[in-house]
Amino acid sequence: MAKETFYITTPIYYPSGNLHIGHAYSTVAGDVIARYKRMQGYDVRYLTGTDEHGQKIQEKAQKAGKTEIEYLDEMIAGIKQLWAKLEISNDDFIRTTEERHKHVVEQVFERLLKQGDIYLGEYEGWYSVPDETYYTESQLVDPQYENGKIIGGKSPDSGHEVELVKEESYFFNISKYTDRLLEFYDQNPDFIQPPSRKNEMINNFIKPGLADLAVSRTSFNWGVHVPSNPKHVVYVWIDALVNYISALGYLSDDESLFNKYWPADIHLMAKEIVRFHSIIWPILLMALDLPLPKKVFAHGWILMKDGKMSKSKGNVVDPNILIDRYGLDATRYYLMRELPFGSDGVFTPEAFVERTNFDLANDLGNLVNRTISMVNKYFDGELPAYQGPLHELDEEMEAMALETVKSYTESMESLQFSVALSTVWKFISRTNKYIDETTPWVLAKDDSQKDMLGNVMAHLVENIRYAAVLLRPFLTHAPKEIFEQLNINNPQFMEFSSLEQYGVLTESIMVTGQPKPIFPRLDSEAEIAYIKESMQPPATEEEKEEIPSKPQIDIKDFDKVEIKAATIINAEHVKKSDKLLKIQVDLDSEQRQIVSGIAKFYTPDDIIGKKVAVVTNLKPAKLMGQKSEGMILSAEKDGVLTLVSLPSAIPNGAVIK
């Protein structure tokens with residue numbers, strides 16, 4: 001029997017700068033849902049990706065002296081590295097520059113044009129380049145006037161300056177779908193979540209009247225061009241939103257994924273783009289005569305004490321820093337526990353450290369440590385088999401375990417992650433109290449209480465197993481470590497279905513000889529200071545410390561170094577090393593193997609096909625037993641390493657001078 005499918009998407013991110021913890025928040029939330037649904041037995045499809053067209057990308061690439069795709073490839077490599085670091089379990093990563101996407105955008109646009117939903121006209125409006133959005137005069141923030149006429153203002157979404165733009169444009173006649181959209185809302189009251197977002201869409205956008213939407217631009221050319229009128233570039237409303245179906249092969253030669261997974265079960269996004277997903281996207285699907293997604297969920301923002309994150313304010317949180325110093329589980333746990341999903345939440349270093357110390361190190365970590373230590377002390381490491389409840393406290397714990405699963409499930413289904421985790425921690429806290437109430441150290445002194453003592457240990461381990469299973473969608477390492485230390489190696493006992501009946505450990509097991517701390521306790525004062533320091537804005541030009549220069553060399557010394565262009569044709573990880581990649585490069589006249597310490601910044605797939613600069617006259621060396629015949633040039637700044645990429649037009653073997 002085929003599994004029931006579940007299709008979840010994040011927004012596709014705009015790669016015009018480094019991602020911060022707010023982007024990680026959306027993607028981790030999607031990952032939690034995907035992992036939870038897989039545990040429930042669903043056939044899950046989890047999609048994320050990048051929105052790579054538009055004026056801002058074109059300008060960023062030009063400023064960097066690169067082609068758009070060269071600029072994008074570098075940015076996307078960083079995004080994929082962050083997702084890998086967060087252990088995001090996405091099944092696909094869609095880039096809007098891919099042919100599979102471009103093909104769908106072209107066909108969708110021409111179809112809507114042919115059936116009269118799109119028409120050619122002229123547009124004049126206030127435009128924000130960073131937001132890629134037009135605004136009416138009434139929507140502008142801090143409008144500027146001259147002789148009673150608006151001459152400028154700021155975007156209501158980002159606060160960026162807007163400019164008056166007038167150009168020929170294709171328009172999407174969305175106004176004719178207004179009644180049909182409202183009828184859909186009535187028939188599907190849970191379509192937009194939380195409910196407050198639905199009221200906002202109806203009262204602020206639909207009731208005042210939907211204006212037809214400009215869906216093409218002529219003022220830039222980086223994007224998908226309209227096939228029948230190539231001077232027009234398809235605008236973001238169609239280009240970006242269509243990714244959810246282009247990634248499934250819609251209108252391709254193989255629509256099997258589309259037929260299997262569409263409509264989406266959940267579109268997940270931050271609240272500032274819910275309008276596009278709850279109004280424009282449903283209308284676009286109606287025009288294409290396609291089923292609408294089942295739910296659009298708009299979560300809140302991660303705020304700082306002084307408002308939204310901003311590099312200039314010095315309050316941007318880099319998830320890489322948190323993961324590197326405190327581990328992935330602590331970072332994922334904080335995001336899903338501290339911040340109520342659907343509402344805005346405030347990030348503070350103090351709360352991050354407190355959650356790590358109190359919840360993870362004290363409550364969970366100490367429970368595991370105490371339990372394993374007692375099994376070793378009282379039973380030489382052999383956990384007695386579960387016998388059933390021998391005491392009313394046992395009965396209470398068993399009932400609470402089953403009730404915890406029920407409450408947890410209800411919270412997870414409504415995407416109330418912080419509530420689900422709170423439910424688990426109440427159970428963990430109650431289990432810690434169970435130790436104090438049953439007093440194993442007293443029972444151990446009375447041989448007649450041996451069975452009772454063994455059953456207390458069995459209940460403790462079973463409770464820990466329940467908690468570990470429920471935490472699997474959130475924490476990617478701790479549950480595995482718990483199962484290993486308890487020597488629970490039956491995969492069935494790690495699945496959600498094993499929680500339907502309490503007491504599956506009906507045979508004795510040998511726990512680990514010495515428990516290992518899963519979450520080391522942090523020095524609160526030092527770590528709070530560290531996080532605050534990491535959030536400081538970059539130094540101004542006047543404040544930047546001068547990087548010490550190396551001794552000057554003569555041109556003859558530099559001429560000794562031979563640097564050539566090469567293409568990376570293959571790459572793989574070096575065994576037993578988390579830093580090294582073994583790379584094959586094509587220098588035209590020969591192929592060489594180079595071992596490079598870039599594995600923390602690039603995967604093999606990220607670099608295959610890249611044109612790079614290679615120092616070719618270094619003496620061969622051996623690294624981890626692998627021969628290395630050269631060095632690939634890279635740049636390093638603030639601990640982040642980036643390969644020096646060359647334009648593809650430079651032939652392999654060309655000497656760089």
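A Cβ is built for glycine as well, from the same backbone N, Cα and C atoms used for every other residue.
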Review point. Which range, 128-132, 308-312, 388-392, does Swiss-Prot list as motif ''KMSKS' region'?
Key: 308-312
Point to revise | motif ''HIGH' region' per Swiss-Prot - which of 13-23, 167-177, 585-595, 618-628 | key: 13-23
Review point. Counting by DSSP, what is the helix, strand and coil composition of the domain 'tRNA-binding' (557-657)?
Key: 7 helix, 47 strand, 47 coil
**Study point:** Counts by DSSP class (helix H/G/I, strand E/B, coil) across the motif ''HIGH' region' (13-23)
**Key:** 3 helix, 1 strand, 7 coil
